[in-house]
Protein chains: 2
Amino acid sequence: MALVVQKYGGTSVANIERIRNVARRVAKTYDDGNDVIVVVSAMSGETNKLVALANEMCEFPSEREYDVLVATGEQVTIALLSMCLQSMGYKAKSYMGHQIPILTDSTFSKARIEKIDDKKVREDLKNGTIIVVAGFQGVDREGNTTTLGRGGSDTSAVAVAAGLKADVCEIYTDVDGVYTTDPRIVPDATKIEKISYDEMLEMASLGAKVLQIRSVEFAKKYGVVVHVRSSFNDNPGTLVMKEDADMETVLVSGITYNKDEAKISVMRVPDKPGIASILFTPLSHANITVDMIIQNVSNEGYTDMTFTVPKTDFKKALKIVEESAKEIAAGAVRSDENIAKVSIVGVGMRSHSGVASKMFQTLSQEGINIQMISTSEIKVSCVIDAKYTELAVRVLHDAFGLSKKDVKAE
Amino acid sequence: MALVVQKYGGTSVANIERIRNVARRVAKTYDDGNDVIVVVSAMSGETNKLVALANEMCEFPSEREYDVLVATGEQVTIALLSMCLQSMGYKAKSYMGHQIPILTDSTFSKARIEKIDDKKVREDLKNGTIIVVAGFQGVDREGNTTTLGRGGSDTSAVAVAAGLKADVCEIYTDVDGVYTTDPRIVPDATKIEKISYDEMLEMASLGAKVLQIRSVEFAKKYGVVVHVRSSFNDNPGTLVMKEDADMETVLVSGITYNKDEAKISVMRVPDKPGIASILFTPLSHANITVDMIIQNVSNEGYTDMTFTVPKTDFKKALKIVEESAKEIAAGAVRSDENIAKVSIVGVGMRSHSGVASKMFQTLSQEGINIQMISTSEIKVSCVIDAKYTELAVRVLHDAFGLSKKDVKAE
């Protein structure tokens, strides 16, 4: 008998009929002889409705009260799913974050889970109860309701799996698993059978939206095996797990892209100590995350600095940078919102040379100019003109042999 | 400086604009130098939507999960109202039932409040915070969410006022106060300035819907002065309070009516000990409340029994009674859904005779037949044909001099 944690996202519980489907799936897992904990999101659309209410109420809603408001979405789902399981003849019991409790810090609207108490849940499991947990929410030490940020239910599920030492954490979603790239762009993208935590982290950071990044960090930290699969069929999905020897044989596991960043360049920056700090400290104080940073080789005591910021913070960032540029007597500030970041990810890169140059060559053959480059041990990212995004993804997917036909041919 | 508890019902917080109005009213009370605790209901319509979801999910939703579901309605309102007060520059903080905590028993969906902890709230009041409390909900000793039954926010407010020893508990609603009768039937019905707890209890039990009965019991038990008034104007409303000498001078304070009951008669019931128990025990086991019971004088060892039950339980009750009647070899079972109960209420009755006979006479003058009568120290109720309800209310209102012109003339 195994302990299985299953997480169902908003589209899987979007209406009464879909909640019934989820209940049947949960019941089947229970009937197969497993203990089951289900973590659910709000019915799709509900969280957006609640956020709209908050924004209609006032421009800058208090984060404590925002969390009280949006936490109601998951509360509705756990009640409905528990009712459904009970009406099917199963013992079921809903748990809100504060009832387990799922203890978090007090960073409202993006709280971090600190501890999960397993006592009450374990008692209920012992007497054959299916546990239904509200994802996305927790409680801080003062008893305030907190939420974990968008997509936080993934993290709830992995944290519950870690806290209860579950055998597997199944994340049900509306796709069959993690793909080598976005199948809307490359129709013969392949489902990845298994992927390492580090690769999944890079994929998630770089734009693959199937799992919340923090949930992957959590899974890695506690060694939770995550199975990403579809709630609409029984196909096996993608296992996110510790790196194994098989994975190293694959050069590139996936191609990601991201159109959510904008580029800012500061020209003729005096090249002396402390300049970078003057440019970037005010951005950090304004809570703006700077992603890629490139500094050209110094030329006659001057250099150019280029970096990317989220598009949502672009205007704010530009204003701040223009002031800083004046302060350090730099040259013009240039900006570009029409960029995309295309990345290749794979643990195999560590032991194989030539992967980056193959990427650059592939892009150049299509006449795609590379504006910025950033690399880590297991990924290479290039910033390009946004209009080439789809083309770049397709040719890279082909060049690294990720299509179905290539995989089968091997 | 006084401590004021204010309760706003669903229509007063029905949308963002109305919540803003409530916030302005709360702020004014605070600016006048008072400590303020606000208790709010769900936005009108929300609870019905949640109940509809539960009923769509399954026929008999578990009561524990039902409470988890419907408690979300009030949670949404407290978050929005707190945000609004904060955006106006006030310190405000929302509290759910489990956060105060408002401790109840475990009778899900109609829990009774056992204790209110004043520690956290008092600390917040001390530092000038306006407290916003979710009505209708509490928590039991095991940490389960409970709700207090329809209209439970009134009880929450009075209980909070009792627990915090507030100076007054203002119940804001969409009418100006408690009227001598329903103004939709008698346009010149008078607003009652003050009314005793016992009269208010009778009025609420007999059909006046302005306050939940349990809230009045609570107010009486703890001596909380309740001020029922409109959230749409500044008119003084009705004070519900301890009986005083003034009140005794009024013969009848109000006329109520209720069309929510049905009548069942069992003919030729053998008149011997234990028969009533055989008839009524199965009804009580089925959780059906029997209201009025009348047993005729025995005739040749047989009697007739007539009683009323809520219309919502009528069919179930009839089936049970038909079985019991067979068991005791009684005669026919007759029933009538077209009845109404019309009542006169007043503490003045205790010291004045002839009030009941004046009621019977007034009805008879209009040709209205009285089918059943029940009395207490401070009320007389008559069951009549439903079609005469409005006529009966009007003539009684007139006969006991409750119209505006009469009151002014005195």
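Just so you know, glycine gets a Cβ as well, placed from its N, Cα and C.
Annotations in TrEMBL come from automatic prediction, not curation.
As recorded in TrEMBL, the features of this protein are as follows:
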- B:Lys7, B:Tyr8, B:Gly9, B:Gly10, B:Thr173, B:Asp174, B:Tyr179, B:Arg184, B:Lys209, B:Val210: ATP binding site (BINDING)
- B:Thr47, B:Glu74: substrate binding site (BINDING)
- B:264-347: domain 'ACT' (DOMAIN)
**Q.** B:Thr47 (substrate binding site) and B:Tyr179 (ATP binding site), Cα-Cα, nearest whole angstrom
**A.** 27
Q: Rounded to the nearest Å, what's the C-alpha distance separating B:Lys7 (ATP binding site) and B:Glu74 (substrate binding site)? Just drop the number here, would you?
A: 12
Q.
Using a 10 Å radius around each Cβ and all protein chains in view, which of these binding-site residues has the most neighbours: B:Lys7, B:Lys209?
A. B:Lys7
**Q.** Sequence-distant neighbours of B:Gly9 (ATP binding site) in its chain (C-beta under 8 A, six or more apart)
**A.** B:Ser41, B:Ser44, B:Ser153, B:Ile171, B:Tyr172, B:Thr173, B:Asp174, B:Ser231
Q | Residue pair B:Lys209 (ATP binding site), B:Thr47 (substrate binding site) - Cα distance, angstrom, rounded | A | 18
Q) Residues with Cβ closer than 8 Å to the Cβ of B:Thr47 (substrate binding site), same chain and 6+ apart in sequence? A) B:Gly10, B:Ser41, B:Val70, B:Gly73
**Q.** Taking residues B:Lys7, B:Tyr8, B:Gly9, B:Gly10, B:Thr173, B:Asp174, B:Tyr179, B:Arg184, B:Lys209, B:Val210, which bind ATP in the record, the widest Cα spacing (Å, whole number)
**A.** 24
